[in-house]
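Participant: A single structure is presented below for examination.
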Amino acid sequence: MADLKKAAGGRETPQGELRSEVVEDEGPRSPVAEEPGGSGSNSSETKLSPREEEELDPRIQEELEHLNQASEEINQVELQLDEARTTYRRILQESARKLNTQGSHLGSCIEKARPYYEARRLAKEAQQETQKAALRYERAVSMHNAAREMVFVAEQGVMADKNRLDPTWQEMLNHATCKVNEAEEERLRGEREHQRVTRLCQQAEARVQALQKTLRRAIGKSRPYFELKAQFSQILEEHKAKVTELEQQVAQAKTRYSVALRNLEQISEQIHARRRGLPPHPLGPRRSSPVGAEAGPEGIEDGDSGIEGAEGGGLEEGSSLGPGPGPDTDTLSLLSLRTVASDLQKCDSVEHLRGLSDHASLDGQELGAQSRGRRGSDIGVRGGRHQRSVSL
């Protein structure tokens, strides 16, 4: 009993012999069961084709990032803008409330002293305009002096050689003279403007001095009100400048957002245009036509040319008629026309002329014997075929 093994069910099986029940239990498993969860079919569906992978433009991701950044910046800056506007309105309301309270306590002295503080404001503005006019006048004087120096250099170059006149120095002299005239006009204009604003500033200062002497008592009593008003005015100007800056940032962010959207639209149009330009199906390799043969019609498939292409089309058309009694008259006429066209192409071929023997018969019997072996399959389908004779 050394050649027997003890089976799991108590049976003894000779060595080297398989148990039938084990083979039955371990039957062949289907390939679908080996793939967990049917991942084989899903992977082919979710995987992008090479054509789709080629159409993915990297500029899309870049423009989407710009779009997201601009959107986040717009949201953040708009929140800051709303907060700044709320703060500005709150300060404006508080300043108006405090000023009204202060004005009710002081009484009529505020209205009496108001011309004095208005004159001070105008005098301050006139003083600032005077400073700006002085800067413009100084700039015009500097330009005039530089232009005069250029004219002097050009005159020295022209007078260096008295025997001949250099056109380069002459052109430089003319240009320098024009600059001197323009600088002189600008200097005179700046001088007149400076004199005008200086007179206005002097008049404003004189008015301030006169009102200060006349309204000395009302000015002293209303000083707290106007000082508080000046403080609130400065605070409001700062918040107004902040609001204006935030509005400009929002406008710039919205401009970048619009540019990113426009770029995405252009990329999308380019992709659609490229898709419309591609063929719907990739064309396979085409076989070349025989030497001397013309290209077949568009209706014939790639690779079907000459006699084989025409006869192949005839066989397929004849086989599609089904197991009926036979093709009708129109079908036979079409097949005959295709056969004649293929024979004409064959006879026009240079290779065919080289293959013909010198003793070929004029009635085409030898040609018919050669082509009978290739056309034997469709003799039953197409009853009578025309024999075309070849004349050399």
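Placement of Cβ uses the backbone N, Cα and C atoms for every residue, glycine included.
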Participant: Looking at SER222, SER268, SER357, which one is marked phosphoserine in Swiss-Prot?
Facilitator: SER357
Participant: Among SER49, SER289, which is the one flagged in Swiss-Prot as phosphoserine?
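Facilitator: Comparing SER49, SER289 with the record, Swiss-Prot tags SER49 as phosphoserine.
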Participant: Swiss-Prot annotation phosphoserine: which of SER104, SER288, SER361 has it?
Facilitator: SER361
